[in-house]
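Report on the following structure.
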Amino acid sequence: MTQRQPTIIQSVIPILVLLGLIMATVLGTGADALPGANQLSLLIASAVGVCIAVYNRVRWADMMQGMVHTISASLPAILILLMVGMLSGSWMISGVIPTMIYYGLEILQPDYFLPACVVIAAAVSVATGSSWSTIATIGVALIGIGHALGFNMAMTAGAIISGAYFGDKVSPLSDTTNLASAVTGTDLFAHIRYMMQTTVPSLVLTLIAFTVLTLTADSGEATAAGVNAFQQTVAQTYQIHPALLLIPVLAVFLIIRKVPAVPVLMIGSLVAIGAAALYQREFLATLVPDGSLTFGSGYELLTRALYGEITPHTGDASVDRLLSTGGMAGMLNTVWLIVTAMVFGGVMEAGHFLERITTAILGRVRSAGGLVTTATGSCLLFNLTSGDQYMSIVVPGKMFIGAFRRNGLQSRLLSRTLEDGGTATSVLVPWNTCGATQASILGVPTLAYLPFTFFCWLSPLMTLAVAWAGWGIRREEPPVEGDSLPESIEEVETYSVPR
């Protein structure tokens, strides 16, 4: 039987079901998306989508193929996420993160802490081209420093993520920067230069906002006393040594040298495990029930740091929670969330629901402002429904490049829109790979840090404002027929580098 195209109402029903269930989850269980309620919401919404697709005579085999395809596309992100769990565990047990926190407290002061988080994360992310690696390394240390200084962890997470995603947008080493320029056929550095019209104002406003938050934060004598107590606790628990800082320096160097993310994370983890055996024997002994560290008990602790939970015994419950780590096992809830999000994305794609929604919207706009608004909305839609940042760039890029060209709009306008609407907003969605991952790494629920990720939600607003104002928009002649663009996601992925 011939498939029927879904109506616009049928196409939005799964999305409305998902958003309704997510809202009920937030109201009923709080902001944390990881424990399981949101995974169930995604599966229920997927089931609704399957029912509608089957009604429209879409074969079950096609639905399964769509789900398998999207899950397969997320496997690199899942592997990186597990490696990040290993890195986090090894850097904590080796004293790398505690050392970074200890020395960071010597340098960073409450008066400028939050803006400093933005700048530090931005600098590292620009140099490495990876927001994920930046947050998993420098970000974890900054969260600890912010905790010791008495800052709200959601604010600190927002500052870290804002800086990291600034670098993810503008670094020529970034996967999303290369992907947005490739899918639209735009020169990489022309894309980066044009993006500065919206990115720099967004960053400036972000720094102003965090400066105000820092100046109005509750800090003073209690904070100073807390910092001293925190440093003493860390120094009594771990051996603090400057040599441990060479491990994150090595990781950043390898990333700058364009070594893929998985080998970098693996090398960083193994070197840290060696450092733990060398520098943290007294700390390891405190984790053994009888206090006697043997080869067997030491080996068990070091391997458990990579795959399981390690909690220090400092005598301060809040410090214990901050310095505890779950290894790879601590990332499994996030993996579960990503897989169910990919199932939903596969259903939406195989059922032709996303295509129907975007086609209906695209047919009603002609102006530059209207096209940019529609493209931005489509990027957000794909972040919400596909659960993958790459999809929010690739699919709208392929869908809108023709309309932009037919209206004489330069491809760099679309590539900038894809970054502002896709890259920046991916971390704001709890079930997106980016939002779920950063929430898991930093220990702050996505909806808790969302109000403070100023850069990430200012970016799409800025791109809309600039487009409707007509700033920097130049018309050009429509292209000659036959211009080539990537025809498939697989072809586009060859332009990208690992997260």
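Every residue, even glycine, has its Cβ placed from backbone N, Cα and C.
As annotated by TrEMBL, domain 'Na+/H+ antiporter NhaC-like C-terminal' applies to 163-471.
Annotation comment: TrEMBL describes 478-499 as region 'Disordered'.
As annotated by TrEMBL, transmembrane segment applies to 12-31 (among others).
Feature annotation from TrEMBL assigns transmembrane segment to 37-55 (among others).
Long-range contacts of the transmembrane segment (67-92) within its own chain (CB-CB distance under 8 A, at least 6 residues past either end) are made by residues 46, 98, 132, 136-137, 140, 247-248, 261-262, 265-266, 268-270, 272-273, 276, 305-308, 310, 323-331, 334-335, 338-339, 342-343, 345-347, 349-350, 386-388, 390-391, 433, 437, 440-441, 489, 498-499. Per TrEMBL, transmembrane segment is recorded for 67-92 (among others).
Residues or ranges marked as transmembrane segment by TrEMBL: 112-145 (among others).
Annotation comment: TrEMBL describes 198-217 (among others) as transmembrane segment. Within its own chain, the transmembrane segment (198-217) has Cβ neighbours under 8 Å at 110-115, 117-119, 122, 150-152, 155, 159, 162, 166, 169-170, 416, 420, 452, 454-455, 458-459, 462-463, 466, counting only residues six or more beyond its boundaries.
Outside the transmembrane segment (237-256) by six or more residues, the chain places 91, 94-96, 98-100, 102-103, 124, 127-130, 133, 137-138, 173, 263-265, 267-268, 271-272, 275, 279-280, 282-283, 286, 312, 314, 323 with a CB less than 8 A from a CB of the stretch. What TrEMBL lists as transmembrane segment is 237-256 (among others).
What TrEMBL records for 261-279 (among others) is transmembrane segment.
Per TrEMBL, transmembrane segment is recorded for 328-347 (among others). Here the transmembrane segment (328-347) has Cβ contacts under 8 Å with residues 14, 18, 33-36, 38-39, 42-43, 45-46, 49-50, 53, 63, 66-71, 73-74, 77-78, 81-82, 84-86, 88-89, 306-309, 353, 385-388, 391, 430-433, 436-437, 439-440 of the same chain, all six or more residues outside its ends.
What TrEMBL records for 447-471 (among others) is transmembrane segment.
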